[in-house]
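Now, the feature entries from TrEMBL:
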- 2-103: domain 'NADH:ubiquinone oxidoreductase chain 4 N-terminal' (DOMAIN)
- 108-390: domain 'NADH:quinone oxidoreductase/Mrp antiporter transmembrane' (DOMAIN)
- 12-38: transmembrane segment (TRANSMEM)
- 58-76: transmembrane segment (TRANSMEM)
- 83-105: transmembrane segment (TRANSMEM)
- 111-132: transmembrane segment (TRANSMEM)
- 144-174: transmembrane segment (TRANSMEM)
- 186-210: transmembrane segment (TRANSMEM)
- 248-272: transmembrane segment (TRANSMEM)
- 279-301: transmembrane segment (TRANSMEM)
- 307-328: transmembrane segment (TRANSMEM)
- 340-364: transmembrane segment (TRANSMEM)
- 384-406: transmembrane segment (TRANSMEM)
- 427-451: transmembrane segment (TRANSMEM)
Amino acid sequence: MFIVVVSSLLLLPLFCGELAYLFFVYSSLILMVFYTFYKMYMKFLCYNYLGFGLGWDYLSGLMFLLSIWILMLMLWSSLKLFAFSYLSHYVQLLLFILTFLYLSFSSFNLFFFYLFFESVLLPTFVLIMGWGGQPERLRASIYMVFYTVVSSLPLLICIFFLNGCFFSVNYYYLLYYSSVVFGWHFYFLVIFSLLAFFVKMPVYGVHLWLPKAHVEAPVSGSMVLAGVLLKLGGYGMLRFFIVYKYFVMLLINFYFIYIFIGGVLSSLLCLYQFDMKSLVAYSSVAHMSLMCLGFLSFNLFGVNGGILMMISHGLSSSALFFLVNIVYERSGSRLLFLNKSGVSIAPMLSLWWFLFMSVNIAAPPSMSLMSELSLFISIISKDFFYSFLLILFSFFCSFYSIYIYYFTQHGGGGVGLYFKLVDLRELILCFMHWVPLNLFIFKINFFYTVFF
């Protein structure tokens, strides 16, 4: 698969027309989807060494499958937005993102993981700066780079420290020695190294870069940011949580209370947003907080529920940003108060809003239902006191989902009385987001697997 991605970059001069190049890239991505499904269906559950410090296990396969699917949808969603004179540059940028994501998910050398983990920022920065619609995109890009790079420096120091202690930074080697006890200074090192993943997800308190980046990014930038890059932070956090398990357990009550309060506050902040993109971005912060709590529970339900949350939220948040862009292309505004009466202006679009908002509040038969049930079981098993916080969290999450649906689809007024009908391309894109979210419920054991 890595060869297919690299060959797509190298074979660019062989294609005279940009549409032919686009067709070649799209075909390559589809082939990679089927290849990944085949490998995972054949019980690709144990670690498989691929060479050069790269390897795959079940979690890597799931995350790379999500990456390919989201990038295929990005490629199709941007055909209207980008001029054809720049389409080949845009496709190359997406392929660079896919390459760095593949290397990040398949690197079990922690230093290489850090290297590729940070390299994903470069094409994302170019995507926001090159195709963002507002002058404020410079400030948003700098916010994103500053937050993520500065917060990841302690992680690099921690990797060097582990290499000095064990003379290796291989993930499975460190997992074998994860019970070795160090001095008190190592606890501070663990706390600061996990900060890199808290910023990347992000959790409340280090989330300020995310709404700015989403507001200024094009639709494809928002889709890849919410669908894949936030999950890259969750993926890294899960890997390091397992290595640091005995140290994190000593601080678990602090992490639980902080992340729980942050998730509830993020849900409340959604109710104060007037920009639809900002509202969806803050809802991502709330859902990532719940996923982080599942990982912190260190039990089978919590970890597998968190993985299922990464997959389901990656698809649903990408779909919501795409729906916001459909409304923005027709009305010229993302403000809630200027986009009303959607159910009477564009009934088909209103149906898709209802379907994806139902997924967002974990209504059956979506994967989100199974993920939240697993996460609730794992969190309550730690302490019954957390059930009261979960009630608050669930109430506010449902409230802001109904809030955005009510404001956009009902009420009088609005910018105009006519919307251009939703075209076939947009309907297919919504359908391709919705199908995996709801059909995988019949094969839910595909995601419930012990991988560590």
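Cβ atoms here come from the backbone N, Cα and C positions, even for glycine.
Predicted, not measured: the structure shown is a model, and the values here were computed from it.
Proximity of the transmembrane segment (340-364) to the transmembrane segment (186-210) is not established, fewer than 3 Cβ-Cβ distances being under 8 Å for residue pairs spaced 6 or more apart. When pLDDT is averaged over the domain 'NADH:ubiquinone oxidoreductase chain 4 N-terminal' (2-103), the result is 67. For the transmembrane segment (111-132), same-chain residues at least 6 beyond its ends with a Cβ under 8 Å from one of its own Cβ atoms are 53, 81-82, 90, 93-94, 96-97, 100-101, 103-104, 138, 140-141, 144-145, 148-149, 152, 155-156, 159, 163, 169, 171, 200, 213, 216-218, 220-221, 224-225, 229, 232, 236, 239. Ranked by number of Cβ pairs under 8 Å to the transmembrane segment (307-328), the listed stretches 83-105, 186-210, 248-272, 279-301, 384-406 are led by 279-301.
By the Cβ criterion (under 8 Å, sequence separation of 6 or more), the transmembrane segment (279-301) is not in contact with the transmembrane segment (83-105), since fewer than 3 such pairs are found. A Cβ distance under 8 Å defines the sequence-distant neighbours of the transmembrane segment (248-272), meaning residues of its chain 6+ beyond its ends; these are 187, 190-191, 194, 203-205, 207, 241, 279, 282-283, 285-286, 289-290, 292-293, 296, 298, 382-383, 386, 389, 392-393, 396-397, 399-400, 403.
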